[in-house]
């Protein structure tokens, strides 16, 4: 048990760091509900009270932003890597708060909410992939579930804080969360799966050793070093041989449904 905990330590910490972006998104979603009363009042930060149609539009552009980012994120994810795309998930969320702080027209709200959705679309694609590629199979499900757990926690936090923190102060509080997320994921290496597929074997080995907590390649324990290198070579063969990711066919889908 202790050895399993030690092996997955960095996997867990990396997952916690990545899921902070889900917390940031949840806060953004939760904040909108208690702030509606301000938007609909004479004290609206956009100069005049918003109409019901404008509020509905502000809500509807969030999934639109997520949809558009989902359509275009695939190629950059495989070309630039998981780490770079994880950075980009924080940028639209942060710009959202900047627009809301300085914005004096309802158009700023529409753009801000669109960016919230765009950020979420990136996050909900790249972070599960990142977790799946660094986590051992035994803990992968548990670690992936932390994404939704953090998002739900963020929504609750946004609902509570949005009820008490003034409108012009909240962007500083909520904007600090994606900044914290970027700072925490900065020291993490990209996933060994991506690095291997890009032909960066040396970096892939270092990344694999890091996330599996196997120690450095130059470890003085020759037996441990040999076992770690053998494990990496097996992993490398599986990735480059296509065993890690297999294409599904229509026949597979029909077999699954027949079994159910």
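One is the number of the first residue shown, and numbering goes on along the chain from there.
From the backbone N, Cα and C atoms, a Cβ is placed for every residue, glycine too.
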Candidate ranges 84-102, 198-216 [criterion: TrEMBL lists as transmembrane segment]: 84-102
Stretch carrying transmembrane segment according to TrEMBL (options 52-72, 220-240): 52-72
